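**Q** OK, TrEMBL features for this one:
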DOMAIN    31-475  domain 'Major facilitator superfamily (MFS) profile'
TRANSMEM  33-53  transmembrane segment
TRANSMEM  65-85  transmembrane segment
TRANSMEM  97-114  transmembrane segment
TRANSMEM  120-144  transmembrane segment
TRANSMEM  156-177  transmembrane segment
TRANSMEM  183-205  transmembrane segment
TRANSMEM  263-281  transmembrane segment
TRANSMEM  301-322  transmembrane segment
TRANSMEM  358-376  transmembrane segment
TRANSMEM  382-408  transmembrane segment
TRANSMEM  420-440  transmembrane segment
TRANSMEM  446-471  transmembrane segment
C-alpha cells in the first residue's frame, strides 16, 4: 500500500475538517515518550552485554569467540525481525504488537538470567532480539500516526534521544553490574525494566494506527487495542466510520518493495552509510583506545559517554530545527499544510525542508572522524579524541534525525515497514563495516582507516543533492500511478 493511502478505508472516511490527531500536545508527547522508551531496549540489550563477554565465557565454560557468536546471532535477528513486526504493526495496530513484543522480550530476559548452558544462551538471545528489534520501527509508526510534518521533527528527535542513550550508557551499566554483582544481574535488570514498561503499555499506551482509530476519535475495534485511558474517553463512531481488525499474514518481503522506491532508497542508503561509520567508530573505541591509552575494565565503558552526550543534545535540538525548517519553507512558498495528510504533502517539497541543514552536519562528521583516527594514531592526550567523538556523535545523530523524519514523510502510511527496511539495510552494512575494521586497521593503521571511512561518508552528498532535486517529482509520480493526482510536469517539480 502506498504512503498516499494512509487514510484509506476506515480512517479515510473522516471529515476533512477534522484535526489530524485529536490528542492534546501533552498527550502526544506522552505517547511518543512511551514508544521511544520502548525503542531503547533494542540497543541497550546489545551494548549492556559487551562487558559481560568474558565473565559469561568463564561461567558457561566456553570461549570468547563462542560468546561473540551470540552477538552475531542477536544482530542477524535484529536485522530481519523488524520487517515482520513492522508489517504487522502497519496492518493490525501498534498497541497489540508492542505488548506482544515486550512479553516476548521480558520472558527471554528471565530465561537468560536463569540459564546455565551456552545453547540456551544462544537461543534466548535470539528470542530477546526478536522481542526488542521491532520497537524502533513501531515507534516511528506511532509518530507518523499522531504528528504532522510541521511538528514531526521534534518527536523523531525525542525518539533518537532515547535510542542514542543505549550505546553510551549500556557499556557503563554493564561494566558496573558485571564487576560489582554478576552477569546474571544484567538480564535481571533488563527484565525488571521491561516488565515495568510492559505494565505501563498495557495500562496507558493507546492504539494510534490510523487504519483502526483514524485520528484518535474512533473507538478501537478490539479489546486488545483498548488501554485504561480509553475507558474514560467518550468516542463516538460516525455513521460512515467502521473499524475492523484485518486478518493479515505478516509478509517480511513487504519491506523490500518499500526499499526499492526511488526516494526511499536514497534516504535509506544515506542513513545506512552514516550508521555503518557510526558503528565502526564505536567499535574502535573499545579496542583502539584501550590499547593506546591502557584503559581498565570500567574506564573503557566511560569513553562511550562523549559521543552519547553529543548525540543526545543533537537529537533533541535538531528535531526542533527540522520543525523550524519546515515552517520556514512553508513561508517561502506561501503554502500552508494544516492537516499533514499524505495528499497535502504531495503539494509540498518536503525534501528541501528536511535537507536544508544536513550538509554542515555531514562536513562536521567526516572531519571529526578523520581527526579522531589520527589523534589516536599519534597518541595525543585522550581529551582530544573524546572531544572529536562528541562532535562526530552529535553530527551523525543529527543526520539520523533528519533522515528518519524524511523517511517517515515519504512513507506516511507504511512508516513502520519503511523503518524495518532501513533497519535491515543498516544492520547488514554495519555488520560488514565492523567485520572489515580490524583487517583495515592492520593494513593501513587507525589514522588512514578512519580517513577512508570519512571519505565514504562524503558519498552521501551527491545522493542528497539528487534527492533534493528529484524527490518531490518522484513522490508525485508515485501517487499518479495510484490514480490520486495528476503527475507533475518538469516545471512543477522544479518549482
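Glycine residues also receive a Cβ, built from the backbone N, Cα and C atoms like all the rest.
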**Q** May I ask whether the transmembrane segment (97-114) has at least three C-beta pairs under 8 Å with the transmembrane segment (156-177), counting pairs 6 or more apart in sequence?
**A** no
**Q** With contact taken as 3 or more Cβ pairs under 8 angstroms (pairs 6 or more apart in sequence), are the transmembrane segment (97-114) and the transmembrane segment (358-376) in contact?
**A** no
**Q** Pairs 6 or more apart in sequence, C-beta under 8 angstroms, 3 or more of them: is that satisfied by the transmembrane segment (183-205) and the transmembrane segment (33-53)?
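**A** The answer is yes, given that the two segments have at least 3 Cβ pairs within the 8 Å cut-off.
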**Q** Between the stretches 33-53, 301-322, 358-376, 446-471, which one has more Cβ pairs under 8 Å with the transmembrane segment (120-144) than any other?
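**A** Going through each listed stretch, the top one turns out to be 33-53.
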**Q** In terms of Cβ proximity under 8 Å, which residues at least six beyond the ends of the transmembrane segment (382-408) contact it?
**A** 140, 143-144, 152-153, 156-157, 159-160, 164, 264, 267-268, 270-271, 274-275, 277-278, 281, 285, 289, 293, 303, 306-315, 318-319, 322, 350-351, 354-355, 357-358, 361-362, 364-365, 368-369, 371-372, 375-376, 415, 418-419, 422, 460
**Q** Summarise the model's confidence over the domain 'Major facilitator superfamily (MFS) profile' (31-475) as a mean pLDDT value.
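**A** For the domain 'Major facilitator superfamily (MFS) profile' (31-475), the model's average pLDDT rounds to 80.
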**Q** Counting Cβ pairs under 8 Å to the transmembrane segment (358-376), which of 33-53, 301-322, 420-440, 446-471 comes out on top?
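**A** Answer is 446-471, with the largest number of Cβ pairs below 8 Å.
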**Q** Determine which residues of the chain contact the transmembrane segment (65-85) at the Cβ level, with the cut-off under 8 Å and only residues 6 or more beyond its ends counted.
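**A** Distant Cβ neighbours of the transmembrane segment (65-85) are 42, 45-46, 49, 53, 56-57, 97, 101, 118, 121-122, 125-126, 128-130, 132-134, 136-138, 250, 252-255, 416-417, 419-421, 423-424, 427-428, 431.
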